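First the structure, in the form of structure tokens, and then the observations on it.
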Amino acid sequence: FLFLSVYEVVTVTGDVKGAGTDANVFVTLFGEFGVSPKVHLASSRNAFEKNKTDVFRIKTQNVASWFLDRVVVTDMIRPHLRFYFPCNNWLSREEGDNLFVRDLLGSLNPMDVPKERRLDSDKDNFERGSEDKFTIETPNLGRLRKITIGHNNRGSSAGWFLDKVVIDDMGNKEVYEFPVNRWFAMDEDDGKIQRDVLVGSMQPMGIIYNVQVMTGDIRGAGTNSKIHMVMHGAKGLKNSGKIFLEGGAFERALIDIFNVEICELISPLSRITIGHDNGAVGAGWYCEKVVIYCPFTGIEQTFPCGMWLDEDEADGLIERELYEMVSLRQKKQKYPWSLWIWTSDIKGAGTDAQVFLQIYGEKGKSDEIKLENNSDSFEQGQVDKFMIEMPDIGRLLKVRIWHEKRNPFAGWHLLQVTLLKTLTMDKYSFECGRWLDINEDDNEIVRELPATGALIYRVTICTGNVSGSGTDASVFLSIIGDLGDTGERLMFMSKNNVNKFEKGNHDEFLIESVFLGQVRRVRVGHDGRGGGCGWYLDKVLVREEGQPESSATEFPCFVSYHIAIKTGSVSGASSDSRVFVKLYGEKGDTEKVILAVSDNDLRNYFETARTDIFTLDTYDIGKINRLLIGHTNEGLRAGWFLDSVQISVPVHGMQYMFPSHRWLCKDEADGKVEVEIYPSEVLEIEKINYEITVVTGDVRSAGTNANVFCQIYGEEGKTEILALKSRSNNFERGTTEIFKIEALDVGKIYKIRVFHDGKGIGDGWFLELVDIKRLTMAMVQIEVKKEETTKKDKKKDKKKKEEEEVEIIEQLQEVVQTFTFPCNRWLARDEEDGEIVVELLTEDDEELENSYEVYVYTGTMWGAGTDAKVYITIYGETGDTGERWLRKSNHLNKFEKGQEDVFSLTAVDLGVLKKLRIRHDNSQASAGWFLDRVEIVDTKDDTYFFPCKRWLAVDEDDGQLARELVPVDEAFMKKGDEDEDESEATLGLEQKMSTTYTVRIKTGDKKYAGTDANVFMTLFGTKDDTIITLKASKTHRNKFERGMIDEFTVEAVDLGPLTKLRIGHDNGSAGWFLDWVEIDAQSVGQKLRFPCGRWLDRGEDDGAIVRDLFPNPLQTEFYTPVPYEIKTFTSDMFGAGTNADVFIVLYGKDGVCTQQKSLCVNKRERRMYFERGAEDMFIVELEDVGDVIEKIRIGHDNRGVNPGWHLDRVEIRRLLRKGKGSETIIFPCECWLAKSEDDGETIRELQPSDIITEKLARDGSLKVTEVEVEDALEAHTYNVSVMTGDVNGAGTDANVFLTIYGDLGDTGERKLSKSETNSNKFERGSVDKFTIEAVDLGQVFKIKIRHDNSMMSPDWYLDQVEVLDIDTEEVYLFLCERWLSKKREDRLIERVFYVKLIYEITVVTGDVQNAGTDTKIFMSVFGANGSTEEILLQKNEDRFERGQEDTFNVEIDDIAPLRKMRLRIDGSGSRPDWFLDKRNLSTEEVSVFTYEEWLSKTRGPKRTMICEMPAVVEEEVMVELTTYIIQVKTAGTDANVWVIVFGENGDTGTLALKESVKSNKFERKQVDTFRFPEILSLGDLSKVRVWHDNTPAPGWHLEHIDVKDEFMDKTFRFPCDRWLSKKDDDGQIMRELACANNDYLDLNEKTYEICVTTGDAEETKENAWIVLEGKKCRSKEFVMENSSKKKRFLGNVDRFEFSSKNVGDIAAICLGHTPKDGKKVKGEAYWHVEEVVVTEKELGNYIFHCNALIPLSPKRDDHLTFECTKTIESFASKARSLVPVKYEIIIITGDEKGAGTDANVFITIYGSNGDSGSRQLRQRFRNLFERGQTDRFVVEMLDMGDLQRVRVEHDNSGLCPGWLLERVEITNTANGVTTIFHCGKWLDTKRADGQIARVVYPKY
């Protein structure tokens, strides 16, 4: 959709006498997206005066004159876009051409548009026969092409005959002549008074438009007025100028026809303007319609009108804009041709006869055309020109021309005929030079003339100089020129070589043909017959016989460039224009090529969001540097939004990406329609060219009609399956066929597999041999002659042999390697062994064949057998067999229940077998199959066991039809035989090999996006690939529906990391819009996202229904997966089983846990498992939680019939990290998970009791050990109190869920179902208590609480949550005070809260007379990590009395370590004075604050109501006392000034600048000094807040403030140089000044402190090294040395320091573990790193949680990289970020009665960098904060960081102080971030809660 734009329109009125107007002026804007309505330019009192510029923000009645110079339109959203529309004309009835509505053509450049200039007519200008000179100044217009000249028809004799115009361009020193020789007069010639004249052209190459004007059939419809018309081209960019339709009758119901000649092709027209001059009596006219036909484009357009053009009728307009009725548009497919006939210049050559002509082309012929013979046509020596129209008959071949012989002077000697197609400028000549006469020559009067006569072309074919490049095949060639082609000619007789097409040959041939015009292309090929028929062609040269060799056209053997062009998906992105490209390369550049025929054959190119693929065959231009792309700007919607271009060049193995993402459109952005783009990335396509030659044997019915495929295996991998197909009939008896294929480079080829699909009649095939040529670049040794040495040396070397003059060098060249694979066998079901797959080896390696016996055992359970086709693929160390159909068994009926089937496979030896893949095609009834195992006997080696014991069925197990099996050691197989009970389940883990992929597929949310087609997918990994049919979706029965995500589980071989994915479907008509595919590849610990966002549909996008997708690296997630075998034992008691969804979570040490994983994936599985007394085994891949599993959580969702479940125990088995064997951990449960049993819990946390270890001993036996777990975690009980707020509507009926997190783990999500205190829980103001049983969580630090938004009133105002650990008696408090609601605040129903630290405060009041108080006491605490707000300490009747200790708890944010405390009393109450002794704050450590003095206005030495006390921790004072000396340099004020200084340890509080050393303070240019003794030092300072009270003479200019800390002996400078004044500068009287000391940052050397914590698991005595990866650069490697003296890395923290250049913010570190003194590494050794902390004083701390084992290795590559997990910014760095920022504050007052206020409003903004102080919101001369009003203020403050809350208050002054504040919006103008604070509450002492101050939180 389109955004509404605001345009600013500027009109400039001309400086002409009487130019101004008082009329109403209207403007209409024309743009690409349409036309604006007529807009009135609201005239101010003095608009449109002579020579004046008026500005209007975006509407003549014809009553006045106005001379308009130009109009400027500004797009207010993008103000840099300005469009200039010159007019320079009258809009008037009386002046000029009487037009008062004009169309102005715009341009982005004010200099672009040539103005119409008036050639001032003195009395004697333009007199008959005279020449007049004028000088005009214009912008540089480049080369002139045409001029428009005319007059305004004023004066008594206005008619004017103009001979010519000459223009001398003085700047460019060029002279142009414009011949005219026409009348400019209403009553002469064609009646025009304005003409377009082309340079140097007598006749403009005019295009004649046929215009039909129909007058309506209404009384009085006709007119005698002069009718004029303007035709407008597409988008209004070009127009015809005003055309007067002279000579028409314009009578009622008549059609007048005019032929109008215009210089430019502007059809199809966008609109026309038609009108009249209102000049005659009865001037009114009723126009019915106008029809305009353009013979060039063949388009006829109808413009209906059906309205009066009459001042006295309807709306009184006499000029109208008419728009086309597109439904009536017709395309008459006839094209205009110019025909020239030359009569010979010999006596009697002319004729008076009637001449006829007929033209023949490739697509047909024209009608007989009668050439009008006027009396003077066809005269001797004359050329006659005719305009004819013909349909498209293709390329012209001949003409037939004749005449009527009846005439006495009929004889005619015709020299030649020439035809020119005016649209394309195609020119054909037909030579004749003969008589058409019954008395002359051969007495014929009919002649057939071929297109220009025969020519001989000499063709030179150059074969390349590469080994094996020659050919014995038959070569054919066709030359293609502008006027046709030669057809394919066999290159048979070489003029210069007997043995043609040999390596390095240049063979010449002669071709006779008609003249082809300019030769454009050569097509060359061969028939592929003969032994060595492959041919490497270098180039072809073509020249006309008799021409010198230098004039030959060279055609290098072309390279294919595949160009994929993606059109953007913005509205209107598509284009109807023709697109061209030009490529620039290192070796040259191509022509501009129009992209006409695409490869993916879409009907309509360049449509929105489509990708069109074109192949450009051109000579090799080397590496592509840039690309020019554009379009011809033709067609109705020429504008085009180009998204990107991708060019792949398979020959070079390169792919180039060109991003564009811009408009190519005259009316969008910069108006360009072509653009140069540079590649953003160049990728190597790892593909090379193979030439595969297939020889079919010469035996009876050897050929096949089946589809043939091939797969190539090399030393570096294998190719995909390649289809061998071409357009001809392949694989016929005795033929040799060549296929050129691009495929992966597999290195040296050692085998191929050839097979066919057995389709078609006569599919049997006798294959003789396969030959593969591999074309690559390689280093080749070549001999080069040595350069001659100097003469002196020559004498010495004379005796030496000449052979030494040659040296051998290596050079990179193209090399052809040939591999021959003899076959000589049938691939047929009914011949030999019936196989249609064969593996072939090269001639040398044939002894490598091997045969494999495959034993397939079907299970013994009911329905285990299958009749489907079964396929197997065996994988070994050296390759695989490919998929083979298990066809011939030792049983007639294969795969029956309990049966053993034996098959024999022949294949190239695979080495040691690694795995096999077995599948069936699900055909036949009851195709499900239970496979017990497969055994393979390798005849050369031994036997392999592949256990399966699973279903291959859509409706059983996990729904898969394919299984991948791995071989298992015989000991494990035997173990199963000994104790039959366990044999079924024990091998699950060994078989697993981590090869399950979870595939999620998202279908797009678009109309018709879904599909019912069969979807298949191929995964490509670094090791292998696998094809998968996606049958059974776990999530939906009807898969791939619009907007849905389907999940599939896929078992596959370990493919290695996935590189790409191919996905497609089998049904071209069932289109599918695929959004993305996500694959959880657990074997490599990656979750990959493959974005697609495209159609797989034959009719959409590029028409592809198979796509290759690549993973997006930014969306890839990494983790370390481990397979766990989980067994659940359901108790053997009544009702113990369940159908609910059972899930599990595993916990390791330190709270490391897996994700919650459901054990069953669908309903079918849930019904199968967890039956009474059952033992169920599941293999799940989960994150690695370490070697110790401390607890598990198991539960279910309580769904289904009788969901209650009695669980006996859970056993978890996993493979040991080192060596063969496994470990089983037993978790006893023995209780119900049921709502209706026991305590109603459906989730249990279980601790381990025993661990059983099985190890495979050296002698092949299994050793089993069992130990009890001693130090298991204890179970704890947690009491949770939930307090609902006491506000209206606070309660909820929704279900509430809670998760508690501690440093040892979490509870998982628990539903708070049974309140111990209230039957109706979570009601307003109530406290509900719940008990949660969980394994010890350690220190609790956060909770997550949510509700499910169910029931009638789900909104909930949660006040706080308190968690009590009953076992340790620790209390954790979580403050909320927020809504959990979809309608209120930020509309969240889930929140996370962190624990508030609860400090226990002890206040000791002094034991002196009257020490107690009842005043209000406020406390603020300052720590190293922030400060608290003021907290009111409640009196609670008996606190703060003489000699008393009062203890209470206060929650405080975690700002420890504490630095100081500030206490303040407000002096209220009957006993305002208080003697404070001391106070203690304690959490784990106790901080003591001692004062021992009065807080009082009247008592004690200090007489103060505020005090600050330093924290004393373990007798160490945290903050020292200091004296601050503040120096202020100013420019005068008498106001009272205050400052607050901020630093590391908080702030000083407000300091009044009263006692200056100078008596008269704050005088101009004066430095005032103020001393503040005994203030607690703030450490390094960051900012100062300074303000004054605006009394007597308030304006104050402050230069700077210096603050000296005497204790630190350090001065801090705070520059200002601004006014603090309500009248000057920005009107602010409060400023925050940043400290200038922090500006200097040492960017060179830095000292980094590194603290390394080594874990207990693996200590080391070797060295370690570290590299810091910074945002700016990387540090050098720093070795952390270990020595016998300094023993490091032994389970403790080690500190190192090293200097490095500044690397910027540290993003990651690399850690290595290397042996001392470069010793060799024996065996495996590791170093366990828990944590690394890197500290830099000025930047801060960077914390890296590693918890990893780093292997000992001398190689530098064997390191581990860790990303930064947490950064703590240093104070200096924070202070540096304090820069002045302007904040725009918008206050919106509510729209209710009495909402406005007259009080003074103040705002305080709190951000992550501190607060702003209280700022008054004022504006001069404006009534603020009125009902429904929006008020805007700009306040400058130091950067606040992320805004956290605002406090808005007023002083309750004025008549109506009550105020309804709707919301506050604050925008940081530096970064454009706007934060919105919703209030919607009254600030009124008489309404609601009576508050006049509100704290509001942001709505995110």
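Placed from the backbone N, Cα and C atoms, the Cβ positions cover glycine too.
Database features (TrEMBL):
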{"type": "COILED", "residues": "784-812", "note": "coiled coil"}
{"type": "DOMAIN", "residues": "207-323", "note": "domain 'PLAT'"}
{"type": "DOMAIN", "residues": "335-450", "note": "domain 'PLAT'"}
{"type": "DOMAIN", "residues": "455-557", "note": "domain 'PLAT'"}
{"type": "DOMAIN", "residues": "559-678", "note": "domain 'PLAT'"}
{"type": "DOMAIN", "residues": "688-804", "note": "domain 'PLAT'"}
{"type": "DOMAIN", "residues": "850-966", "note": "domain 'PLAT'"}
{"type": "DOMAIN", "residues": "995-1110", "note": "domain 'PLAT'"}
{"type": "DOMAIN", "residues": "1122-1247", "note": "domain 'PLAT'"}
{"type": "DOMAIN", "residues": "1276-1394", "note": "domain 'PLAT'"}
{"type": "DOMAIN", "residues": "1397-1509", "note": "domain 'PLAT'"}
{"type": "DOMAIN", "residues": "1646-1764", "note": "domain 'PLAT'"}
{"type": "DOMAIN", "residues": "1781-1897", "note": "domain 'PLAT'"}
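The DSSP breakdown of the domain 'PLAT' (850-966) into helical (H, G, I), extended (E, B) and coil residues amounts to 0 helix, 61 strand, 56 coil. Across the candidate stretches 207-323, 335-450, 559-678, 850-966, 1646-1764, the maximum count of CB pairs under 8 A to the domain 'PLAT' (995-1110) is reached by 850-966.
Per DSSP, the domain 'PLAT' (207-323) is made up of 3 helix, 58 strand, 56 coil. For the domain 'PLAT' (1276-1394), the DSSP counts in helix, strand and coil order read 0 helix, 63 strand, 56 coil. Between the domain 'PLAT' (559-678) and the domain 'PLAT' (207-323) there are 3 or more Cβ pairs closer than 8 Å, counting only residues 6 or more apart in sequence, so the two stretches are in contact.
Remark: secondary structure over the domain 'PLAT' (1781-1897) totals 0 helix, 62 strand, 55 coil, with classes taken from DSSP. Averaged over the domain 'PLAT' (1646-1764), the predicted model has a pLDDT of 85.
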